[in-house]
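Student: Input: one structure, supplied below.
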Amino acid sequence: MKKIGYLGLGAWGYCLASLLASKGHKVVCWTTKPELAKHLTDTREHPLLAGHLSKGEMTFTTDMSEALKDVDMIVESVTSAGLRSVFEQVRSLGLPNCPIVITSKGIEQDTGMILPEVVIEVLGEEFRSLIGFLSGPSFAQEVIRELPTSVVGTGYTVEVIQEICETFMTPTFRVYPNTDILGVAFGGALKNIIGIACGISDGLALGCSSKAALMTRGLHEIRKLSVACGCKAETLNGLAGMGDLCVTCSSPISRNFRFGTLLAQGLSTEQARNRIGMVVEGAYTCVSALQLSKQHKIIMPISEAVYNIIQGTIKPIEAVSALMKRTIKEEHL
């Protein structure tokens, strides 16, 4: 069994750390919040996952060097905006020669880089062969209850991909190997924008037909931009693309979906963010996606509408009307 250093203790991080511990791995979890580390040590229950006690051997610390000492694998679940600074800390401590698994979803705003590439830029090109990525349709609230879930494990080498699958796989958590790390990362990041759009649709009570159109045309936008950036189209049709899109666009468990619903109900962006109480990755990814779309001359009307609503330059119902009045064109899926 492995000793695993886990960075980040939001709901998703705690959920995956608990899953790994339940398999017999020793998991040392790092957080920047002393009160959270103490609470988890005392209760074994995460505030965002009430009623679900952790299983197996888990310890909690605010000392990153303690979390990374003599580990066989590093896993992270921090925000996309905080990823670079976290791995700058990791680099300063020195690194063991072990796989590093990224589970955060997003695109870095200033660079337009997928998160595995951000980590490689920080740590050095020599670490590329150790980097992996786990993504797909999954909610912490469901995985912690051991409801059947299927995701994708990817990386830059077959060896790391295989190790991710073997390390995370359980009878209720299935991990499919995939060699297209770029496509998996883009699918996991861009679907959050469409999740906000579908939340807006629900908040405006526009019905199922509206949501179906947003999901279908949204996937088209995701696929166009992703392929232009070097991804394989078939990856976006799988769990990391269409699969993740489905759960994000159809469930209030998704914070991106809830964020969109709140915007449709008249809350400002700041008010909606405060109500959610957690990072809404789609709001940040929207900026990066539109920057990339301009570079590649890709038209993304749904993503642009979401961005304008978030910026407060157009009302949600006006954005819907503008989308419906666009010039007639071939569907071109």
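For all residues, glycine too, the Cβ spot is worked out from N, Cα and C.
Pulled these features from Swiss-Prot for this protein:
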BINDING   Trp12, Lys33, Lys105, Ala140, Arg255, Val279, Glu281  NADPH binding site
BINDING   Lys105, Gly136, Ser138, Lys191, Asp244, Ser254, Arg255, Asn256  sn-glycerol 3-phosphate binding site
ACT_SITE  Lys191  active site, proton acceptor
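In terms of burial and nearby residues, how do these features look in this structure?
Tutor: For Val279 (NADPH binding site), other Cβ atoms within 10 Å of its Cβ number 18.
Residues near Gly136 (sn-glycerol 3-phosphate binding site) in space but far in sequence (CB under 8 A, at least 6 apart, same chain), listed by position: Thr149, Ser150, Val151, Val152, Tyr176, Gly188, Leu239, Ala240, Gly243, Asp244.
Lys191 (sn-glycerol 3-phosphate binding site): 32 other CB atoms within 10 A of its CB, across all protein chains.
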Student: Say you check the Cα of Lys105 (NADPH binding site) against those of the binding-site residues Ser138, Lys191, Ser254, Asn256; which is nearest?
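Tutor: For Lys105 (NADPH binding site), the spatially nearest of the binding-site residues is Lys191.
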Student: DSSP three-state call for Ser254 (sn-glycerol 3-phosphate binding site): helix, strand or coil?
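Tutor: Looking at the DSSP assignment, Ser254 (sn-glycerol 3-phosphate binding site) belongs to neither helix nor strand, so coil.
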Student: Across all the protein chains here, work out how many other Cβ atoms are within 10 Å of the Cβ of Asp244 (sn-glycerol 3-phosphate binding site).
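Tutor: If we count other Cβ atoms within 10 Å of Asp244 (sn-glycerol 3-phosphate binding site), we arrive at 29.
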Student: Using a 10 Å radius around each Cβ and counting other Cβ atoms from all shown chains, which of the binding-site residues Lys33, Lys105, Arg255 yields the largest count?
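Tutor: In terms of Cβ crowding, the pick is Lys105.
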Student: Between Asn256 (sn-glycerol 3-phosphate binding site) and Glu281 (NADPH binding site), what C-alpha distance do you get in Å?
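Tutor: Approximately 7 Å lies between the Cα of Asn256 (sn-glycerol 3-phosphate binding site) and that of Glu281 (NADPH binding site).
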